[in-house]
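Asks: Quick paste from TrEMBL:
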BINDING   A:71-76, A:105-109, A:129-130, A:Lys142, A:Lys151, A:169-172  NAD(+) binding site
BINDING   A:Glu184, A:His247, A:His264  Zn(2+) binding site
DOMAIN    A:67-179  domain '3-dehydroquinate synthase N-terminal'
DOMAIN    A:181-328  domain '3-dehydroquinate synthase C-terminal'
Protein chains: 2
Amino acid sequence: MQTVFIELGDRSYPIVIGPGLLGMASSFATLPPATSALIVTNTTVEPLYAQALRTSLEAKYAKVHGVVLPDGEEHKSWTTLNLIFDALLSQGCDRTTILFALGGGVVGDMTGFAAACYMRGVPFVQVPTTLLAQVDSSVGGKTGINHPLGKNMLGAFHQPLLVVCDLATLATLPARELSAGLAEVIKYGPIYDMAFMGWLEAHMDALRARDQAALAHAVRRSCEIKAEVVAQDERESGLRAILNFGHTFGHAIESGMGYGVWLHGEGVGVGMLMAAELSRRLNLLDAAFCARLRALVERAGLPVRAPVLDAQDNAGRYLELMRVDKKAQAGDIRFVLIDGPGKAVVRGAPDALVREVIDLCCATD
Amino acid sequence: MQTVFIELGDRSYPIVIGPGLLGMASSFATLPPATSALIVTNTTVEPLYAQALRTSLEAKYAKVHGVVLPDGEEHKSWTTLNLIFDALLSQGCDRTTILFALGGGVVGDMTGFAAACYMRGVPFVQVPTTLLAQVDSSVGGKTGINHPLGKNMLGAFHQPLLVVCDLATLATLPARELSAGLAEVIKYGPIYDMAFMGWLEAHMDALRARDQAALAHAVRRSCEIKAEVVAQDERESGLRAILNFGHTFGHAIESGMGYGVWLHGEGVGVGMLMAAELSRRLNLLDAAFCARLRALVERAGLPVRAPVLDAQDNAGRYLELMRVDKKAQAGDIRFVLIDGPGKAVVRGAPDALVREVIDLCCATD
């Protein structure tokens, strides 16, 4: 077992990484006492891992309740969130209840937001079971739900007490979701650590073959980088925005295609290529790096061509969707761009250049 | 104009108190720049004060949007909250938008919660137009909505940037709402300041006649006491709970009767009498003080008899509703009791004693 610490003063917490952790009571030994625990999971993960987690928690908590949500980004809504509140209230859960998010990014984001809101805030623990959640969404305290007019528009910063990354859960992950998670792993190279990008190029085949040692390193190094960035800027007033590399274009794809059609990581994967291409057109990056990034994204099993969102005015539709991005200011879209390999910058770009990038990346050949 | 400061480190803010403040651009001079402002109000307050506030804000902000909510505690729900999100998103409001809550406690609680959640947090300003909101709910950062299973069950601690208490707005307040606000004013005496209770006994007629000097003192002193308590315990881990004197019984009445049938302040008024009676039965208080408090509540124009919530098992219904109170722990109801005049304590009580209190206070003669 390896441990990465997130240093946030009195909101600091550990991320523990290793195989089989969710089935071990010792993984949860550092948690405070509570009157009850609520496991929040989804219909896909519940039959695989809920009983093992329940057994671990029953060693510590007198009452362990559960609620099972529908699976998928399209269910990251108030209606689904309310299932968690209904479970908490109908079980009489009070302020000392601890919530456990068992699943991927959607379950983690919703459980964290429910914990932030319930009685104005109760503690929660992340038990991510997808690569994407282990390397990105379970760490850093961003929680929330989607609104029909924009992704993650409603939410809170609410840090977990603990993150338990059980690498054994990655064995059951569908190949498409493994690839989607690799997009968020790849992200850390161009924005922060080119040595890690080189390591990924050398180990991409091992990662896709689910080599345990390779996965352990990818998860640990991703969490380390995220921890370093979040510790410097918890509430994204500056530096933290670089973690959204690929997300401005990616969110437009997810939202424009309808939540759940493209996976979040798939949108981010092609979104990174679009952001890199935009960086190149702003003379921040050379064509060789764009090609290198594209090759790595493709080897991760991810799409490298962006979808057409509107047959009449495709670039206009992308721009319209990106203007409601949370980073936008006074209608100006803020892009996370690569300012030379290993360094990110957040800035605007002329619409005309952005349109060229969209036209190029959506082209059918 | 008088100013009371809430000292909360980098979340500190002023409460300004005086007649005509919402129509003066100078009241808002200390606020930071923003791309736009959104005035959130309700159907009752909008025709009275929205234009004056809009004019003040247009001196500072290039765009001033508005959204009008239905009036009443029964609308303090997710459905109504979503009207605020729809307005923000349809107007393309970004992270530098400032929300303005123009209205009573319901508008303030919902606007604050919307500001806490929108894009994981945007700033907001309280412009309370009811006595209850000016002396209590607009100060201290508690925000939220009701759930069918419990009052204020979903919410956030989110401090405003500024509170503007325009005393002129109290002139248009219906008498029933003025009385409801006086319940929250009276509260500060038994729990914290018996000199203030004496002042209220001497000035209750002037307050009900809306004497401006008397109202100014009542609002200022109430805000001062609340500021002192909140500064010591922002997130209600201890001391702050004393501000809920009368609220445990009061919330049961509000929820049991159906939101909007009894006003919040009416529930708190009779709830204080029930909590005082429970204190007496626990030998914390004498009968003379209970009679004195009852006389003051009655002179404020408030009901002094609790409603019957269930013809078969009234006390059982009260207890059931109180067990979902946010202060409850492991099913034990925590009451705010008076431990001698001017001092509050939070503790449990035997069900049998609580039943006696309910039976007595609901008795028809």
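Every residue, even glycine, has its Cβ placed from backbone N, Cα and C.
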Asks: In the structure shown, which of the binding-site residues A:Gly105, A:Gly108 has the fewest Cβ neighbours within 10 Å?
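Replies: It is A:Gly105 that, of the binding-site residues A:Gly105, A:Gly108, has the fewest other Cβ atoms within 10 Å.
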Asks: What is the Cβ neighbour count of A:Thr172 (NAD(+) binding site) at a 10 Å cut-off, with all protein chains included?
Replies: 13
Asks: Give the mean pLDDT for the domain '3-dehydroquinate synthase N-terminal' (A:67-179) on the 0 to 100 scale.
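Replies: Here the predicted model's pLDDT, averaged over the domain '3-dehydroquinate synthase N-terminal' (A:67-179), is 96.
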Asks: Judged by the number of other CB atoms within 10 angstroms, which among A:Asp71, A:Glu74 is the least packed of the binding-site residues?
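Replies: The binding-site residues A:Asp71, A:Glu74 were compared, and A:Glu74 has the fewest Cβ atoms within 10 Å.
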Asks: Counting across all protein chains present, how many other Cβ atoms fall within 10 Å of the Cβ of A:Glu184 (Zn(2+) binding site)?
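Replies: 27, counting other Cβ atoms within 10 Å of A:Glu184 (Zn(2+) binding site).
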Asks: Near A:His247 (Zn(2+) binding site) in space, meaning Cα within 10 angstroms, which of the binding-site residues do we find among A:Gly105, A:Thr130, A:Thr172?
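Replies: So far as Cα distances go, none of the binding-site residues lies within 10 Å of A:His247 (Zn(2+) binding site).
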Asks: If you draw a 10 Å sphere on the Cβ of A:Thr169 (NAD(+) binding site), how many other Cβ atoms land inside?
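Replies: Looking across every protein chain shown, the total is 26.
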Asks: So among the binding-site residues A:His247, A:His264, who's got the most Cβ atoms within 10 Å?
Replies: A:His264
Asks: So if I draw a 10 Å sphere around the Cβ of A:Thr130 (NAD(+) binding site), how many other Cβ atoms end up inside it?
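Replies: Counting Cβ neighbours of A:Thr130 (NAD(+) binding site) within 10 Å gives 28.
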Asks: Through the lens of DSSP with three states only, how would you label A:Glu184 (Zn(2+) binding site)?
Replies: helix
Asks: Taking the center of the Cβ atoms of A:Glu184, A:His247, A:His264 at the recorded Zn(2+) site, which other residues in this chain have a Cβ no more than 8 Å from that point?
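Replies: Surrounding the site, in chain order, are A:Leu132, A:Asp136, A:Ser137, A:Ala183, A:Lys187, A:Gly246, A:Gly250, A:Gly265, A:Gly267, A:Val268, A:Gly271.
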